[in-house]
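Below are the features listed in TrEMBL for this protein:
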BINDING   K302  ATP binding site
DOMAIN    274-565  domain 'Protein kinase'
TRANSMEM  207-231  transmembrane segment
Amino acid sequence: MAADAIQVTEDHSGAPITNLHGRILFDRPIRLLTFDTTFVLRISPRPLPESIPGEGLAFVLTGDPNMPDDSSGQWLGIVNSNTNGSAQIVAVEFDTRKSYPEDLDDNHVGIDLGSVYSVQQVSLSGIDINLASDTDITVRIQYDGDNLTVLFEESSSPVITRPIDLSLYLPEEVYVGFTGSTSEYTQLNCIRSWEFIGSEIPEGKKIWVWIVVSVVSVIVILIFVSGLVCWKMRYGDDKFDFDPYPTIEEAIQGSSTAPRKFKLKELRKATGNFNSKNKLGKGGFGTVYKGIIENKEIAVKKVSKKTTQGKQEFISEVITIGNLHHRNLVKLIGWAYERKEYLLVYEYMPNGSLDHFVFHGDKLETGNNNGPSSNLMSWGVRLRVISGAAQALEYLHNGCEKKVLHRDIKSSNIMLDSEFNAKLGDFGLARTYVQSDQTHHSTKEVAGTPGYMAPEVFLTGRATEETDVYAFGILLLEVACGRKPGGWMDQDDYGSNIVKWVWELYRTENLMNAADARLNGDFNAEEMACVLILGLACCHPNPNNRPSMKFVLKVMAGEAEAPELPLERPAFVWPPLPPSFKDKIYKGSQVTLFTELSGR
């Protein structure tokens with residue numbers, strides 16, 4: 001771990017990063033039948049952004065967890081000269097060097113079967129993707145038992161689809177993860193987040209599975225086709241709706257707090273058949289459209305079909321929000337699920353999301369019309385917005401029968417009504433837990449948005465109140481500074497990391513230089529300092545030293561002093577310092593600094 005990312009090839013502080021190879025794998029083997037994985041990679045040329053990069057990164061399935069010797073450079077950490085062609089490994093490579101005559105170019109993706117000589121490859125230059133651009137690139141890889149498919153967020157269709165029988169190249173139990181390498185050309189090979197969903201073959205069941213498929217398949221097909229014909233004869237094409245997920249309605253209707261169920265045709269009519277002119281925005285799980293139903297403006301989120309998490313996130317959002325009632329939470333009016341379409345209906349927020357005003361200078365349109373509109377959100381409005389967001393998060397943590405972990409606090413999820421009151425939305429990643437039984441929510445995936453995720457999430461896979469507080473701290477800093485969280489790839493680049501940048505200004509007693517320059521000093525200096533220091537405290541590398549949301553609200557209400565911070569930003573260490581240390585830091589005691597962890 002380093003800089004909120006997994007470094008597949010290590011970047012030792014000050015040490016050369018030439019001719020390295022690295023491998024990061026899930027810690028136990030899996031008996032895979034199918035899988036679906038999504039990850040965010042970031043390849044950063046070194047020592048300078050304009051340097052020639054090399055060599056590449058790969059997602060791998062392998063029977064051998066051990067790193068092959070001498071697998072740097074052209075071997076991408078996948079194989080070496082002795083195992084090339086005979087290794088039990090399947091890889092999807094993201095290559096930044098043309099190492100072989102067969103390589104298409106120095107910016108391609110390829111499928112490797114036991115060898116680094118790709119059986120199929122595609123240049124990414126034609127779809128405007130540059131692997132070595134020092135930017136986050138989201139990749140999705142699917143295997144349905146027959147075909148391996150590679151997709152990029154930037155592309156509207158699969159980049160590669162190849163029929164593959166994995167059993168010909170892999171043993172029953174495989175390890176999954178990533179490999180990478182450098183040569184005399186160097187780059188940082190980083191994974192920023194990773195989600196892996198696989199269907200495992202239970203122990204002792206593999207033969208039984210294949211017997212059932214072979215014996216029963218003909219009968220199943222006949223029954224299905226007969227039923228299909230009868231259904232279509234009775235109802236016609238327009239009403240035919242084969243639902244592979246009947247448990248969705250059962251799960252939602254089984255909740256006593258479930259909101260209204262809409263029909264798909266109602267929402268199509270309300271949004272002009274999801275006309276692009278009514279598009280309000282696009283988020284991580286879908287696109288939002290403006291609509292009118294029963295003379296009331298609404299916002300309809302059409303959940304993306306591209307994510308396998310659609311079903312889970314849909315049910316979570318409907319049930320979770322349906323049980324929540326707070327003035328600073330976006331109200332969920334209803335839902336619909338028909339013909340594999342997931343739709344959520346919210347109250348309409350006329351002023352959209354906070355990020356448009358903080359970062360893009362959108363025009364303010366207040367509902368009272370008492371003065372001229374401005375292209376800049378004033379400090380007073382910003383304070384009111386972050387106060388509302390804080391109240392919403394405190395309610396989720398302490399005001400519900402079951403605590404709610406939002407897991408995706410960020411400016412684009414803070415919605416603004418006509419009076420610029422803040423309302424927290426997008427509960428697709430939210431999870432509940434009983435207060436007396438749990439202190440965290442464990443996940444198999446690293447969930448959240450890069451830049452807002454606490455460093456411990458990448459190590460533990462756990463969401464906690466403290467990880468929500470960390471994201472809220474980032475929100476405070478970006479609202480006060482008027483800038484995005486920025487990159488997290490270089491430990492020494494204080495200019496690109498908002499937490500390190502603000503903390504450095506705090507250390508040198510230049511904290512006011514962090515304030516949004518567009519405000520031209522039109523703010524209360526004490527309030528600005530309080531928000532900045534509170535933001536840094538929420539982003540403390542040690543989760544035990546982050547304030548609770550109750551304490552945050554007290555500080556913002558002037559009922560408590562902002563926490564005292566050490567001048568030097570503490571290093572992230574794991575396991576964290578014990579809770580007993582928390583009281584000392586807020587009293588200004590000395591903090592023993594530890595060496596920053598260097599991730600693998």
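Including glycine, each Cβ sits where the backbone N, Cα and C put it.
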Run through the Cβ atoms and count how many others sit within 10 Å of the one on K302 (ATP binding site).
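Counting Cβ neighbours of K302 (ATP binding site) within 10 Å gives 20.
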Where does the residue listed as 'ATP binding site' sit in the DSSP three-state scheme?
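The three-state answer is strand.
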Taking the domain 'Protein kinase' (274-565) alone, what is its mean pLDDT?
83
